[in-house]
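Asks: Can you read through this structure? Questions will come right after.
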Amino acid sequence: MAATLWRLYSKSICNSLQGIILNKPFIQKQLLLSSRTRSLSFSSDSQFGSATAEVCSNTGLKTGGGIIVKEGFLRWENGGGTCHSSAQIYSSALVEFGAVVHEKAVLGAEVHVGSGTVIGPSVDIGPSTRIGYNVSISNCSIGDSCVIHNGVCIGQDGFGFYVDEHGNMVKKPQTLNVKIGNRVEIGANTCIDRGSWRETVIEDDTKIDNLVQIGHNVIIGKCCLLCGQVGIAGSVTIGDYVALGGRAAVRDHVSIVSKVRLAANSCVTRNITEPGDFGGFPAVPIHEWRKQIVRAQIANKREI
């Protein structure tokens, strides 16, 4: 950075620019955007290409800012990742080498993006969110202080097809987004599909284990717990404080009210309208499920 500024100074590119750079910090550390920002841009030659940057005064937000590595993409100075020149990234955000941030993405203050991660166009990530390695995020907004573990995929198309009048398999359009609230944690290799007729939503403080599948148009309330290998089909609505045990399944287009606990390996095939504990296939109130198990053991002359 010092060498670049010195070359700008020695070549006398712009006298007014010299005064701005020498008398003001290059990046101010404020976290809030100002509607009265003004832009400062500069360029200089380098052995890797032309270095370009655009800095908004009165804010820590920055677009561009590094060595050009491909048309429209720059090497981000904090971590060495590759970022599109139109992406808006706070100077305190860390984008590790090997990560890619696409056009018009927004990364808030103190965001950490791990190597191999791809942040798609127009993705919005809130402050202090940590994203692991080899994550794919597209068509999505993520709130503050979230944790996204390695291998997560968010915002890809949901599984929607139909057979037309000619017998051809046709894909249903998947055009909406995923909206993730604040302080959400998503375990490794979990997949969350984008919406088709409504957004896929995960509300604040929900925690999701590894290897969970969440289909398109699903709405999950706040403070829910989803254990490993849970599968939720499309267009499901889940209330607040719901806990789904490991390998539990929920069929499409059903609703689960708040404060429900579902036992491991259970399957919800119809709406659950009252809070409580449920289990079995199909899921029923837990005491009924236990009676079913006892009857089955007696019928088969097994010891209880």
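Using N, Cα and C of the backbone, Cβ positions are placed for all residues, glycine too.
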Asks: Check Swiss-Prot: it lists Phe159, Gly160, Phe161, Asn217, His253 as binding UDP-N-acetyl-alpha-D-glucosamine. Then name which of Ser141, Ser145, Ser235 it lists for that same site.
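Replies: The one candidate that Swiss-Prot places in that UDP-N-acetyl-alpha-D-glucosamine site: Ser235.
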Asks: Output, ordered by sequence, the same-chain residues six or more apart from His216 (active site, proton acceptor) with a CB under 8 Å from its CB, or 'none'.
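Replies: Expected: Asp157, Gly158, Phe159, Gly160, Gln174, Asp193, Arg194, Gly195, Ser196, Thr200, Gly234, Ser235.
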Asks: Within 10 angstroms of the C-beta of Asp209 (hexadecanoate binding site), what count of other C-beta atoms is obtained when all protein chains are considered?
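Replies: Taking every protein chain into account, the count is 19.
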Asks: Specify the secondary structure state of Phe159 (UDP-N-acetyl-alpha-D-glucosamine binding site) as given by DSSP, simplified to three classes.
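Replies: Looking at the DSSP assignment, Phe159 (UDP-N-acetyl-alpha-D-glucosamine binding site) belongs to neither helix nor strand, so coil.
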Asks: What's the most sparsely packed of the binding-site residues Gln213, Asn217, counting other C-beta atoms within 10 A?
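Replies: Minimum Cβ neighbour count within 10 Å, taken over the binding-site residues Gln213, Asn217, occurs at Gln213.
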Asks: Starting from the Cβ of Phe159 (UDP-N-acetyl-alpha-D-glucosamine binding site), draw a 10 Å sphere and report how many other Cβ atoms land inside it.
Replies: 14
Asks: On the Cα atoms of Phe159, Gly160, Phe161, Asn217, Ser235, His253, which are listed as binding UDP-N-acetyl-alpha-D-glucosamine, what is the maximum pairwise distance in Å?
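Replies: About 16 Å separates the two most distant Cα atoms.
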Asks: Write out the long-range same-chain contacts of Phe161 (UDP-N-acetyl-alpha-D-glucosamine binding site), meaning residues 6 or more apart in sequence whose Cβ is under 8 Å from its Cβ.
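Replies: Long-range Cβ contacts: Met169, Val170, Lys171, Lys172.
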